[in-house]
Amino acid sequence: MNVQKSNNAEETITPFSEESSLLNSNSYIPATFVDPTTIPQTSTEDIDIHGFNSIFDIPNLAWIEVSLLLNVFLAGFDGTVTASAYTTIGEEFHAANLASWITTSYLITSTTFQPLYGSFSDVLGRRVCLFMASGLFCLGCLWCYFSSGMVSLIFARSFMGIGGGGLITLSTIINSDIIPTRNRGLFQAFQNLLLGFGAICGASFGGVLSEVFSWRLCFLVQVPFSVLSIAVGFFFVKNQSGYSRFHHYCVLFKKIDILGGLLLVSGLTSLLLVLTFGSSRSIQTYRPSQLLLLLGILCIVAFVYVESITEAAPIIPLKLLKGLYSSLVLTTGFLIGLAGYAYLFTLPLFFQLVLGDSPSKAGLRLALPSLSTPIGGLICGILMHRNFRVGKLLFSGVFLMSLGYFLSLFIHPGISPIVLGIFLIPANVGQGIGFPSSLFSFIFAFPQNSHATSTSTLYLIRSIGSLFGVGGLSAVIQLTLRKKMLADLTKFTDLDSKSIQKIIHDVSKSISALYELPEAIQEIVLSDYTFSIRKAQQFTTICCVLALGLCILKDTIKPRTPSGFRY
């Protein structure tokens, strides 16, 4: 591949030394333009800086990978097990309107801490951070198991997310430390397979465990795997070369953007609380919603300001956001992250309410689409290895996601199980293609020495999209349901205003309250619930279609570079 230096501002970004070693071992390479539409080929003359000529020369590699891949499996398992079980949990605690926070609270902390683990591991060492992430995740699982109420469970999930944010990140970082560059793609493929396998297991067993035994087992079963990962890692995972433990505490606060992390957590939490309280439309929550909205905006503005002046490794390097191309790819990542999680967490509710599935059956229905995601990732990897253009892969992935979400609008109680299974496949295959191709579309627009920071930036933006996918869609369903029930139930002359408000309150708190209503009213409320879920599905489809439009726009506005390549 021909490469040249360019005067374009996006091509000469100064690397952040605190993070350049995390995901990229070649941070010493001079900043040169990389064609973002093709995959750069590794030259046979490339020198690996790890000191190993073969993966078979790495001491205790098998045991190290056992520890790391167990964490990756747990990350995939936890991501879908709550999707299968959150309706059951909401029922038990009579807080169905807060059930989305079981996932949202986890995503807030994991999203924020995920990029921080890179700096933490540089300063404190890989071992300490690996034990910290796995230990906090394990303790969070135990806290979830013993939670006595929804509020306690939400706090437990937040605590669990602090550790969860490092499970995949540290696995990638440690592999980058020890695996020769030419073999790293193979080990990344192992991670993707374990992540997909974990997601399949979580989707398949989450509903079964919550229905047959208890939803608490969904968290308890993760503890032995986490303990095993910690035990194996204790004996075999070592700190990175060049690490010194004698001065790390004095530079801890200089290298890690702790203030930025706190502002981001506060801002995201406030904005998501606005969605939760705002969906109730009650007088008691109206003023707090305004205050939370103001607080959220102020925290986000302050976060952006801190990122622009911090001397630490920023959570979001603002230099990477310059340029229309970068903005379009990041917005695409945000939208497909939002749509992907919204789709995943809407389906179990739809299956149980509209199709009449039990929690276990609804969970098993998610197994097939969960299997489709790693297949999509495998297809993406094969095509990228054959130099298939990344821009076309991104368009294809988002197109399949849009098609799948559109097909989900036609799922109805009388649909054939085979047809239903076919309808569920495209969205997840598209996600398996779209997620990695959006990452490479972004990072290959920058020089090699900026790939680490651009990777963490894209992951963070997509995770924020996932946050609003779960929290936002829950708010859409609750708000639409309340409005529709109020309009339809007022047509009953036998119901006064107080009775209507009680029905609305009970149904929003517990889905089982719906089946305790008189048959005529039950039919109306069930129809309203279906209507609300359909609105959420339509919103998800629109978001994905917008992302598809941005993919087209990205390919039409990308500037031509001096090397002759196009972004």
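Placed from the backbone N, Cα and C atoms, the Cβ positions cover glycine too.
Annotation source Swiss-Prot lists transmembrane segment at 136-156, 159-179, 193-213, 217-237, 258-278, 291-311, 334-354, 364-384, 393-415, 426-446, 457-477, 536-553.
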The transmembrane segment (258-278) in contact with the transmembrane segment (426-446), cutoff 8 A, at least 3 CB pairs, sep 6+: no
Long-range Cβ neighbours of the transmembrane segment (193-213) (under 8 Å; 6 or more residues past either end): 69, 72-85, 88-89, 168, 221, 348, 358-364, 366-367, 369-371, 373-374, 377, 432
For the transmembrane segment (334-354), distant same-chain residues with Cβ under 8 A (at least six beyond the ends): 80, 83-84, 86-87, 100, 103, 207, 361-363, 365-366, 369, 397-398, 401, 404-405, 408, 411-413, 424, 427, 431, 434-435, 438, 461-470, 472-474, 477, 511, 526, 529-530, 533, 536-537, 539-541, 543-544, 546-547, 550
